[in-house]
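Let me begin by presenting the structure, written as structure tokens, before commenting on it.
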Amino acid sequence: MQHHSSEVARLYQTEFIRSARAVGVLWAICTLCFAVIEVVILIQPSWVGTRELHYRGGGPAPPTGTLGLFEVCVETDWPVPDCRGSLHTLTPLPAFQSPAVLVCMSLTMVWASVGCLCLFRFCNAATVYKICAWLQLTAGFCLALACVLFPDSWACAEMRALCGERVSSFSPGNCSVHWAYILAMLGVLDAGILSMLAFVLGNRQDALLPEDAKDGDVTGLLLAA
């Protein structure tokens with residue numbers, strides 16, 4: 001009977017490691033993809049863009065282009081738009097300093113969680129999952145706050161020059177939100193899902209893995225290729 005129970009426990013442990021490895025690898029890949037998306041969100045000047053207007057003449061045509069945290073890009077007769085800003089020095093537009101700092105903080109948290117994946121070789125898997133979960137939850141909070149502060153900062157010179165004088169907080173005038181801002185909002189949802197999944201993986205690791213298998217020999221296998 002004791003031998004049979006030992007075989008059942010070993011089989012249970014093997015199945016747990018297989019399922020945890022599959023879900024853990026999927027979670028790690030999604031975390032890496034989210035980190036890349038955060039970089040795109042930060043640097044792309046496509047948070048806001050002008051709408052298509054029917055110009056009837058009688059004066060200079062209104063500008064068309066897009067705006068991000070670091071640059072304002074206005075379309076010209078050339079294929080390449082004329083971008084003004086300080087992306088190369090990572091200096092945000094004056095009105096959007098707070099959202100830019102929050103997105104940078106979110107980006108740092110996400111890449112820190114990516115770096116923590118290396119700890120699976122050396123530390124308890126449950127602990128690593130929970131550390132990553134808190135990092136991703138914090139990243140989602142910073143990104144959500146940036147998405148709120150960005151439209152609150154629309155009443156600025158850069159927005160008025162691109163979108164007209166009707167611009168005010170939470171009212172973009174002749175412009176509308178573009179794909180980078182929508183991607184940022186989806187990133188908040190992504191961060192929430194990834195952090196909750198990391199919490200679940202960490203709690204399952206504590207609750208289901210046998211006590212004698214919670215050392216480094218097993219945790220090192222969870223994300224091994």
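One is the number of the first residue shown, and numbering goes on along the chain from there.
Yeah, the Cβs are placed from backbone N, Cα and C, and that goes for glycine too.
Now, the feature entries from TrEMBL:
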{"type": "TRANSMEM", "residues": "20-43", "note": "transmembrane segment"}
{"type": "TRANSMEM", "residues": "100-120", "note": "transmembrane segment"}
{"type": "TRANSMEM", "residues": "132-151", "note": "transmembrane segment"}
{"type": "TRANSMEM", "residues": "179-201", "note": "transmembrane segment"}
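Taking Cβ pairs closer than 8 Å, the transmembrane segment (100-120) reaches residues 28, 31-32, 34-35, 38-39, 41-42, 69-70, 92-93, 128, 131-132, 135-136, 138-140, 142-143, 145-146, 149, 184, 187, 191, 219-220, 222-223 in its own chain, all 6 or more past its ends. If you look at the transmembrane segment (132-151), the same-chain residues 6 or more away from its ends with a CB under 8 A from one of its CBs are 31, 34, 38, 41, 47, 69, 96, 98-100, 102-103, 105-107, 109-110, 112-113, 116-117, 169-170, 172, 177, 181, 184-185, 187-188, 190-192, 194-196, 198-199, 202.
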